[in-house]
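Notes for the one structure printed next.
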Amino acid sequence: MKKLQLVPIEVTEEDLIGRVAYHEATVSWPYDDDCYVIGNEIVGANPFHMKKNSTRSESLQTYPYLAQRCLGLLMIEITIYISPANDREIVQMFRLHNHNTTNPNRARPNRSVRELDERFLRILKIFKWGPDAEKALEVLQLKVDHRLVREVMSIDVEIGVKIQFFKWASKRRKFEHDTTTYMGLICSLEECGLVGELWRTIQEMVKSDCVIGPVELSEIVRILGKLKMVNKALSVFYQIKGRKCSPTASTYNAMIAMLMREGCYEKVYEVYNEMCDDGNCFPDSFTYNVLISAFAKLGRDGSAFRLFDEMQENGLQPTPKIYTTLIGMYFKSGDVERALGLVREMKEKRCALTVYTYTELIKGLGKAGRVEEAYRVFLNMRKDGCKPDTVLMNNLINILGKAGRLEDAIELFGDMGSFHCEPNVVTYNTIIKALFESRAPSSEIAFWFERMKEKGIEPSEFTYSILIDGFCKTNKVEKALVLLEEMDEKGFPPCPAAYCSLINALGKEKRYDAANELFQELKENCGSSSARVYAVMIKHFGKCGRFSQAMSLFNEMRKLGCNPDVFAYNALMSGMVRAGMIDEAHSLLREMEDQGCAPDINSHNIILNGFSKSIGPERAMEMFSKMKNSKIKPDAVSYNTLLGCLSRAGMFEQAAKLMKEMKSNGYEYDLITYSSILEAVGKIDEENS
């Protein structure tokens with residue numbers, strides 16, 4: 001015996017005939033003796049003639065009229081004990097009954113036997129898949145063919161039922177699954193997220209004799225790509241292609257799009273070459289769009305521009321997205337005029353500039369320092385009827401803020417509502433950063449931070465990082481420490497950038513132990529630290545004369561696999577120079593180059609300063625000469641360092657020559673150097689007198 005508890009559900013006439021009229025049931029009647037309800041409405045007499053809250057077993061065959069009257073929502077709970085039934089009884093409950101005797105107008109039209117019978121759907125939903133459903137299929141005389149299997153794959157039943165039915169059908173005599181039935185199951189498995197079963201089904205389909213066309217291949221590639229199963233998608237693609245399936249442009253595009261999403265940019269170009277060699281299909285606008293984007297991400301500008309020319313030679317009109325990608329590439333390489341030339345070309349060819357194109361244009365002009373031009377583009381965009389989005393507004397606010405045009409940036413922020421683009425966390429971050437750069441009062445910064453939270457916008461890790469860095473740079477270290485604690489309370493992971501700012505600020509205040517405590521806290525919470533944080537800590541240990549600790553940190557970095565960057569090397573070399581270890585610092589500079597870490601101008605100036613102050617003018621002049629003949633040319637700091645050295649050594653003739661050279665290269669000597677020269681001259685005058 002199996003027990004089935006029915007709760008109030010929407011029922012049809014056939015449901016009631018099937019579920020009520022043919023089985024023994026225990027009926028609970030919770031209502032008044034003389035009525036029954038449908039929904040919340042009392043509609044008639046108690047059909048079971050039972051007392052309120054009573055229970056009894058009845059053969060519901062005695063109440064066939066219940067099926068004819070109780071349509072809609074049946075608001076009685078029935079516990080049905082279904083006894084074993086023969087084949088006919090199982091199917092009988094799903095038979096369509098002829099009601100012509102009671103209502104001749106309700107006769108149903110005949111349906112094609114090729115359609116999936118609603119009765120079989122009902123069987124699958126109630127009995128799932130098993131012997132009962134199989135018997136019902138036979139009695140209803142539904143032929144197991146591809147159409148039936150496709151229909152079962154598309155109906156709303158449990159995925160387990162579909163899998164069992166699919167496997168059962170495959171064992172039927174004279175039946176073999178085709179591409180449509182396999183794809184039906186594959187799509188159902190994708191919807192349910194059954195990745196393992198989905199991959200097994202695809203493998204089975206590929207190994208079978210069914211013909212897989214380009215459309216099905218494209219769909220399989222799309223599904224596997226969505227599941228990030230790139231290697232499996234490639235394997236299936238080449239297996240099916242090897243069976244004389246000629247991929248179309250859409251199939252190749254599906255492959256290219258998948259590879260692009262997963263960052264396999266080199267493979268994108270390989271597939272493109274295969275597509276060109278195929279001979280049956282040719283790249284379309286979508287193909288070129290994806291390829292140009294791939295080359296942009298790889299930094300292969302030349303290849304992208306060649307494809308752009310090839311596309312036009314093949315008679316294809318570049319899309320706004322392609323133009324936008326190329327405009328961004330030109331701006332990134334600093335070729336502003338060519339970027340603007342492409343914008344003019346778009347207008348000439350009546351290719352509409354999208355909000356993404358305008359964003360790239362405004363961002364590029366801002367980066368090139370052409371702020372007013374960027375703002376004019378924004379005004380022209382509005383005249384042309386193109387609505388800005390939040391990303392564009394954020395970029396323009398950022399450009400104005402960096403240019404010191406804080407009032408314009410805030411005014412633009414206020415206009416965002418009228419453009420129907422809501423400020424987000426990035427917008428507020430940009431405003432807060434601009435306030436710091438404009439040296440705004442801390443009260444105004446606090447106002448914007450609170451306003452952000454009042455608007456329901458949660459501060460991000462980057463928000464806190466901006467605030468902490470800003471307060472550190474304005475000597476408000478205690479406020480920064482409070483914000484770091486607030487970050488921790490909100491559950492943000494430790495932010496190396498925030499710690500770096502605080503450690504540096506504490507070091508500048510000579511609170512070295514507090515800085516070291518924060519550094520150790522970061523290591524404990526993260527398990528490691530970034531090269532930049534190590535560099536800051538090494539720098540301050542070197543400054544306060546704790547060189548052994550600085551050296552230990554540098555060695556610790558290497559041991560932990562955190563490769564020292566140029567800042568870490570410079571920090572340690574600076575500490576060595578302070579400790580009088582000039583030759584060791586010079587050796588570290590050479591080691592740095594051997595390790596593949598390129599020195600910058602600061603690296604050379606640190607060693608030059610060491611030679612100037614501790615060794616003497618000869619080594620300093622030798623170092624300076626090497627710098628002039630290398631890729632890294634001396635800057636104003638280099639000239640002033642050597643000039644001070646020559647002055648202190650009384651080598652005024654050489655100093656005078658260097659001053660002329662310095663001026664001819666566009667550098668000015670600073671006050672410190674000028675004071676050094678005057679001091680040196682004064683000493684010589686004293687000695688002579």
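Including glycine, each Cβ sits where the backbone N, Cα and C put it.
TrEMBL: automatically predicted annotations, no manual curation.
Residues annotated as repeat 'PPR' in TrEMBL: 248-282, 284-318, 319-353, 354-388, 389-423, 424-459, 460-494, 495-525, 530-564, 565-599, 600-634, 635-669.
Sequence-distant contacts of the repeat 'PPR' (284-318), counting only residues of its own chain at least 6 positions beyond either end whose CB sits under 8 Å from a CB of the stretch, comprise 249, 252-253, 256-257, 260, 263, 265-266, 268-269, 272, 275, 325-326, 328-329, 333, 349, 351. Helix, strand and coil counts under DSSP for the repeat 'PPR' (530-564) come to 26 helix, 0 strand, 9 coil. As a summary of secondary structure, the repeat 'PPR' (354-388) carries 26 helix, 0 strand, 9 coil according to DSSP.
Sequence-distant contacts of the repeat 'PPR' (600-634), counting only residues of its own chain at least 6 positions beyond either end whose CB sits under 8 Å from a CB of the stretch, comprise 566, 569-570, 573-574, 576-577, 580, 582, 585-586, 589, 592, 641-642, 644-646, 649, 651, 654. In the predicted structure, the repeat 'PPR' (389-423) carries a mean pLDDT of 94. Residues 390, 393-394, 397-398, 400-402, 404, 406, 409-410, 413, 416, 466-467, 469-471, 473-474, 476, 479 of the same chain lie 6 or more positions beyond the ends of the repeat 'PPR' (424-459) yet place their CB under 8 Å from a CB of it.
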